[in-house]
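Structure record follows, encoded as structure tokens.
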Amino acid sequence: MSTLSERILGAPAGRYVDREVDVAFAHDGTGVLTREALREMGVESLPHPDRLRLIFDHIVPANTGTTATLQAELREYARVSGIALSDAGGGICHQVMSEGLVRPGMVVVGADSHTCTLGALGAFATGVGATDMAAIWASGATWFRVPETIAVNLAGRLDGAAEAKDLALAYVAELGMEGATYQALEFVGDGAAGISMSGRLTLCNMAVETGAKTGIFYPDEVTARHLGEYGLTASPLTPEDCCYERTLDLDLADVVPLVAVPHRVDTVREAEALAGTHLDQVFVGTCTNGRYEDLERFARIVRGKKVAVRTLVVPASRPVLARAIATGVLADIVEAGCMVAPPGCGPCLGAHAGVLGEGEVCLSTANRNFKNRMGVGGEIYLSSVATAAASALAGVIAVPEVV
Amino acid sequence: MQGAGPAVCIGDDIDTDLVIAGRYLRTKDRSVWAEHVFEDLDPTLAGRLRGAVVVAGRNMGCGSSREQAVVALREAGVVGVVAPSFARIFFRNAVNVGLPVIEAAIPCTDGSRVAFDLDAGWVEVDGERYPARPLSEKMVAILRAGGLVPYWRSCR
């Protein structure tokens with residue numbers, strides 16, 4: 001029988017296949033290089049512009065004249081080539097794609113490493129570089145090596161203050177930063193059914209931090225309910241005696257609030273062991289944890305209180321922002337003393353806004369804490385939203401209470 | 001496809017932020033990336049890369065999909081990158097921009113003479129030969145053409 005990756009790609013693990021892609025997207029950063037490569041390739045028209053998308057998220061709104069000019073060129077290219085554009089403020093590419101543009105069984109490529117996020121929807125989704133993307137836009141297809149699969153077998157339910165992000169940190173620590181290189185992670189087991197779509201997106205998002213090509217969930221009722229909000233449907237699929245490379249068993253009841261310490265994603269400690277660690281900034285957002293469920297959880301903890309350290313909250317998309325406004329979640333966040341920035345990626349990669357100064361320490365809900373990523377000489381700790389909220393109130397790393 | 005040069009040794013898990021930091025990505029001027037390559041790892045490295053073979057540890061190029069990382073190395077004059085293992089997007093990007101990447105476990109001393117042959121599948125360090133993992137035929141064809149852009153042009 002076949003793993004979900006093998007079923008979607010239509011060949012056994014280890015085989016090289018050429019496949020048409022259903023959706024291919026780039027952002028303002030990689031899109032510029034994709035456009036350059038197309039120019040150098042001499043490609044004038046694209047065969048399937050309806051399958052392509054440009055999403056401005058990395059440096060939005062533009063911060064310098066250079067950035068603005070690059071974005072203007074790309075905006076014009078979207079217009080003449082017929083590629084749909086999600087302009088500045090629309091949201092982070094993976095979040096935008098998760099809002100009704102990706103369905104189970106699709107082959108999805110994005111010019112961003114966290115494209116694996118979309119495996120949460122039962123698609124085979126993986127990141128590529130900009131030149132790769134140019135060839136995909138020009139031909140509608142690309143080659144893949146069908147990955148071997150590691151089953152991440154989930155049992156039980158998350159409880160207490162632990163959330164999907166803690167589970168993500170747990171499996172990254174367990175596998176290590178290259179524990180799944182060239183492979184796929186399939187999230188299976190009874191525990192998978194109990195994880196919300198938001199949590200699944202968080203779990204699949206961090207697959208690449210183990211070197212994996214993708215993280216993937218089988219479509220089920222949770223998937224169908226999510227797609228239903230966008231007028232789409234999904235048929236459930238279940239594993240069938242798959243041939244896995246190995247199985248990683250995780251009991252969700254054992255998961256506690258965790259923190260990845262600088263400068264490695266796989267160096268993880270219990271939040272409790274780091275309680276009291278000095279912080280200069282808390283950052284809540286990114287393609288890992290900027291969804292409505294995250295903002296709502298954060299607001300529930302800080303509501304009626306004041307943060308004790310500068311705290312930046314960035315919704316992952318315009319619909320997330322709009323919903324947070326409509327439900328009062330955003331007002332709670334602002335009244336607690338947080339800054340709110342327009343939907344985008346900026347602070348996560350130190351490209352735009354929320355950059356750290358020399359020696360400053362940030363607790364972030366992002367997926368990477370690489371050296372100097374958020375600014376030269378800064379230090380990044382990674383945590384769940386609940387841990388970030390408790391820490392923002394305390395001004396130091398703090399363990400969240402059950403909410 | 002062959003190449004050779006003095007070794008420049010770097011460690012395990014060198015992420016793409018360390019190859020080229022996010023703050024240098026707001027341009028399409030490749031010389032900027034070459035100038036700042038490895039800056040956060042060791043600012044003296046950029047000046048030693050012309051004609052060199054970078055010998056990395058495990059999981060070379062983990063992290064972002066940013067192709068600027070491999071372009072920076074190529075623009076800085078790197079002849080090839082040897083590592084026991086690569087992050088997959090970095091590996092694929094390197095082939096696509098025409099930067100030879102060789103999966104092999106070799107000892108490294110800065111300045112050692114490193115030579116490689118992609119077709120025959122070996123790497124030599126000061127004359128001592130080590131096996132290298134072969135690339136797919138398509139990858140070799142893309143590398144031989146000088147990257148995916150010239151490969152594309154030659155196929156049309």
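Placement of Cβ uses the backbone N, Cα and C atoms for every residue, glycine included.
Listed in TrEMBL for this protein:
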{"type": "BINDING", "residues": "A:CYS287, A:CYS345, A:CYS348", "note": "[4Fe-4S] cluster binding site"}
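Structure coloured by features recorded in TrEMBL.
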| residue | record | Cβ within 10 Å |
| --- | --- | --- |
| A:CYS287 | [4Fe-4S] cluster binding site | 28 |
| A:CYS345 | [4Fe-4S] cluster binding site | 32 |
| A:CYS348 | [4Fe-4S] cluster binding site | 28 |
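Neighbouring residues of the recorded [4Fe-4S] cluster site, listed in sequence order and excluding A:CYS287, A:CYS345, A:CYS348, comprise A:ASP57, A:HIS58, A:ILE92, A:HIS114, A:GLY285, A:THR286, A:THR288, A:GLY290, A:GLY344, A:GLY346, A:LEU349, A:ALA366 (Cβ within 8 Å of the Cβ centroid). DSSP assigns A:CYS287 ([4Fe-4S] cluster binding site) to a helix.
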